[in-house]
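What TrEMBL says about this protein:
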DOMAIN    93-184  domain 'Ig-like'
DOMAIN    195-295  domain 'Ig-like'
DOMAIN    307-403  domain 'Fibronectin type-III'
DOMAIN    410-503  domain 'Fibronectin type-III'
DOMAIN    506-604  domain 'Fibronectin type-III'
DOMAIN    611-709  domain 'Fibronectin type-III'
DOMAIN    928-1014  domain 'Ig-like'
DOMAIN    1121-1204  domain 'Ig-like'
REGION    1210-1292  region 'Disordered'
COMPBIAS  1222-1246  compositional bias 'Pro residues'
COMPBIAS  1247-1268  compositional bias 'Low complexity'
Amino acid sequence: KSSFQSAQQVQTQATEAMAEPAYTIPASRTTAETEEYQRVSSNVGKGLAVIQEELHRMRIATKAQVESIAIQKEVKDMMKKRVDLLEEIPKMPDFLVALRPHTVWEKTPVKLFCTVEGNPRPIVKWYKGGVPVDPLSAPGKYKIESKYGVHSLIISRCVVSDTAEYSAVATNQHGTATSKAMVTVKSKLLHDIHPSKLEVTLLERFPVSFGVEGSSIRLSCTMVVVPDLPNVPPLAQWYRDDTLLKPSNLVEMSVGGGAASLTLPQLAKDDEGLYTLRIFTKDGTAEHSAYLFVSDAPASVKGAPGAPMSVKAYDVNSDYVLVAWKPPNTVNEAPITGYFVDRSVTGTDTWVQCNPAPVKVCKYPVSGLDVGHSYYFRVRAVNSAGISRPSRKSGKVTRTGKEDVSVPSAPGQIVATRNTKSSVFVQWEAPKHLKSLLGYYIDGRVVGAKEWFPCNHKPFRHNRFVVHGLIPGESYVFRVQAVNIFGLSEESQESSPIAVEPALATPSAPYGITMLSCDGSSMTLAWKKPKHCGGSKVKAYYIDKRDADTLVWKEVNLAAVTERICTVDNLTEGTFYEFRIQAANLAGVGLPSAPSTPLKCEAWTMEQPGPAYDLSFREVRGQSLVILWKAPIYTGADAVTGYFVDMAKKGSSEFVTLNGDPVTPHGFLQVTGLEEGSSYVFRVRAVNSKGVGKTSELSEPVCAKALPGTTEIVAGVDEETGDVFLSFEACEICETSKFEWSKNYKPIGDCPRATVTAKGRTSRLTFTNPDKDDLGRYSVVVTDTDGVSSSYTLTEDALNTMLELSYAIRHPVVPLKHNLNYEILEKGHVRFWLQAVKLSPSVSYRFIVNDKAVTSGEGQKISHDVASGVIQMTVDHFTRANEGTYTVQINDGKAKTQSSLVLVGDAFKAALKEAEFQRKEHIRKQGPHFSEYLDFTVTEDCTVMLTCKVANVKKDTVFHWYKEDDEVVPETAPNVMSGSCALPLPLFSRKDQGVYKAVLSDDKGKDTSVFDISGKVFDDIINAIARNAGASASELVMQCTPEGIRLQCYMNYYTEEMKTVWKHKDSKIASSEKMRIGGTAEMAWMQICDPSDKEKGHYAIEISDGKWVFVYRGRVVGGLPDVVTIMEEKSLSLTCTVWGEPTPEVTWFKNEQEVASNEHTRVTFDGGKFASLVINKVTTDDSGKYSINVRNKYGGEFVEITVSVYRHGEPIPEPKLGQPRAAPPPAQPVPPKSPAPSKTPTPSKPQTPAQSVKSPTPAPAATPGTKSPTPPRSVKSPTPPRFMKSPTPPRK
């Protein structure tokens, strides 16, 4: 800064020379003089604004001239002092070869160079029109070199807008030297283009883009056009690698609506390259360039190569065409073994393969073509995994000659340098043997990884390339391959590893200068840090000041200011001052900020606080963020008690206060309820007892969107040490980044309660001895990133959980799946065992019995299995001496545990009894024995079978059955070789009670099984019989007998011991003279003697097996008998129940003649439901065949009854028997306490099985627990055929 002292003196002189004479007010005035003064003052006031504007323009113009004069004067003074003979004497920069002007055509390169000497060696910076040249602003356009004192600037592709005055400024600590030259770029297209009179300014520009083959992409720039005429859009041109693009089915362009766009609907690797939009404006052209990367689409076969590209056809002669192409880049795929060439006639979609076998070079002569026909060609690559996708079809035909068939040599040295935080600039030397070079493929690899990834998918023609899309902070190496039509060269040597960091440069200018306090002689200023730190941490700030009405800047601080706040002293009260600030890092001092607004040095006396400052953001997510600020320097008349935070969307002036009550003065607030993707601005107002203070400066707009790959703080416990920690892994980091932890947003620093460690992208905050004092909100921020940060609230529950886990790690215990237990093995051995969750091979343990350690030896065996975690001890002979306490102690590394089992008293007696039993069982099983002792089963026909299973038998083994010690000889002799024996007990009843015994013996030994059929066992057998019998039972059938009516239920077997209950209208019936109950082996019956109207109703029989009740119901009221036998002089009543809707008509017939109602024969139909035919004092003439016909409009039913009348004293006539009845459906069991009542319509005929018909085979017994389904109301009971007659039961 001291080198500019002479320049400042010149500026001061120029300022004094430009100063106007001051207007002095006379000491006393007359009236005329006063009026003249007022007139002059009025005119001066009106012209003050004009004078200030003119003065501002003069400042800017004079500033440049004064600085130029100062620099030239200083250069001359320094050159006079140069000593040529002594090189070690300090020298200011001196241009030995100055820049010279150039005039070039558009799209051609130009190189500006100069030679500079000086000691120490000067640093040369390049400027275009006074603005620094930044190679990063336009990748590939500018290249700056410095070798052996020769400094050069290469503009690779000139455009009209590159016309400007370029200057090289050489600087060292002794001075500065400047060389300038004019570069003029002429356009070859100016004579073809009508000059545009539109002013066009580009706004949002398309970035570096990435696409995939087969997809589409749109590149777009928004712009402001003045004047904006809908019918006169700007003239825009698109270029790919300096080649002008034209609209086609593969390229779509549009200009208008404030945007210019380029759409590529079907991407191919041929589309990869540097895209440039050039718009012709009133002042020349405006353009923007960015690279488009196109990667291979997923292969149809895994491992297949990518598609070839740049297919071209060369017209060689009239009968064949030479097709050439560029090979794809292969990184992780198998090497390419050849190519297939396909052709298609123009206008068709049919492709024909031209070569039968793959060709190894990237050209192929296609013959057999028809003269006068047009063709398209495409190429597919082949490797060991399969065939690639086809390339884009070729274009028009050109001619080529014979070429040397060979690939280029490998590229030379490759150097990678820092570019941006996500890109690297790669340069390499061209191959020594180019061999018709088409371009280069660049591959990259993460340091430490094995797989390479392609950086470009289309050969790049230049020997420098910017690799985009890299992970910030990660280290990479690169390699390059040259390519021509014959294939790829060998890979170059790998570059040195390079971390992805921004290129080192001076920081950008600070901004947002704010006054925080003023006492009349000093001001406290604050400012915002530079947006770009230049790849190195900002370590210093320098402040300049000046009076608002002067041009000369004065240094405020000679020593560096490290914080973004500074108090400027020695100011004059009432004077307006402007300030500017420069930031410095390792690369040097950056550009100064824009001057602040004029700030008046006037003491603050208000009672409210001043503005808060240094607003910043952390933990920005999709719906929330945390805003932080610093307390005001000026607090007013009282201390600050809180803050109001206001928020507004970007571009809006409508602020919303986020907190109804002032935030307690802790300096942060978490904001929630944001819209993801929206941008917001904030401001803060401090509050004290006197009111609300000044509003802070608006914050920078912040977008509510999390950074890609954002992670959160994780709380955990170290598995090795048991330390409680908070860990954070950053998604972005650079070389200068640091992890800054804080608690409740106050820096932790060097705190004895916690330590901070960092390794790579991960930082850990480890607590020393955590307790309740450590509860709170912890946050971490990663410096020199785009806001990577996170927070975690440590609650008491979470801390207690982690402390428990920490204690378990520091005092480890071997976890057990099962504690110490015992089991009785065969032979009477007793096994004591436990199982751990996991055991290591180095585990040690011991068994302690009654306070004495025991080891493997005679009578006991101790072992363990690491895989299952089981530790066991087996006692061969368990006796009374083994009563006591058993303990196992385990040591596995640092972990310990023990488990005990107390085996005394009743528990020991039970174990001893079981052990002795198992010993006896083992001895028993040495000879013939029962593997299953005697038990019973009941077959479907209700036969009881006593069964047992035998083992270890032979042909000589003898088997005997006994009942009450009397041998029982079954009809079929037992076959012991079959493994089982059975004794049938048919027609089981109480006579079969007793003790049964089975004896098995041979020369090896003897075994006996005893089965006592009495008490509960007898009841269980009867219930089992009832279960099978009930399942086989038929529906109730009704039979007319001389005594009255008999209800019968047929089943496989019936015995009086079965639990059966007869019911009438759900009331139990006891056996009496009126109602006699009995049964035979085949059925159960109930006789109703002399039935009357009281006996009408529903009847049911319930058969119970103790768990289920089988219900069978009969209908006396609803049916008519098939045959009626009645004695003369008796009265006969035939009654049935009729259903129908509408109510049916009822007609009675005798011998097919309708019966008329009279005194002897009375016909009734009561209530549309009960139909009756009553014959008073029957005679033999009343014998015959009666029938009833029931009918309505939907149909009818016809039922016949045969009536036989016999005289008193004559034998009862025997009725004819019909054919056997059909088998009834099996009965369904119902629970005993809630039988489902059966409501079945009365059938037209009674169900009466013939006497000679045997009971049908029953269905299998119902499974207990299965509830019987209740039949629907529409289901009728099955009606037997008419010819079936009820058998006459035998008389007793």
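Glycine residues also receive a Cβ, built from the backbone N, Cα and C atoms like all the rest.
Between the domain 'Fibronectin type-III' (410-503) and the domain 'Fibronectin type-III' (307-403) there are at least 3 Cβ pairs closer than 8 Å, counting only pairs 6 or more residues apart in sequence, which means the two stretches are in contact. As a summary of secondary structure, the domain 'Ig-like' (1121-1204) carries 3 helix, 50 strand, 31 coil according to DSSP. For the domain 'Ig-like' (195-295), DSSP puts the residue distribution at 3 helix, 60 strand, 38 coil. When each of 307-403, 506-604, 611-709, 928-1014 is checked for Cβ pairs under 8 Å to the domain 'Ig-like' (195-295), 307-403 comes out on top. A mean pLDDT of 91 is what the model gives for the domain 'Fibronectin type-III' (611-709). Listed stretches 307-403, 506-604, 928-1014 were compared with the domain 'Fibronectin type-III' (611-709); the greatest number of C-beta pairs under 8 angstroms is found for 506-604. Each residue in the domain 'Fibronectin type-III' (506-604) gets a DSSP state, and the totals come to 0 helix, 43 strand, 56 coil. As a summary of secondary structure, the domain 'Ig-like' (928-1014) carries 6 helix, 51 strand, 30 coil according to DSSP. Broken down with DSSP, the domain 'Fibronectin type-III' (611-709) shows 0 helix, 46 strand, 53 coil. Residue counts for the domain 'Fibronectin type-III' (410-503) under DSSP, helix first, then strand, then coil, are 0 helix, 43 strand, 51 coil.
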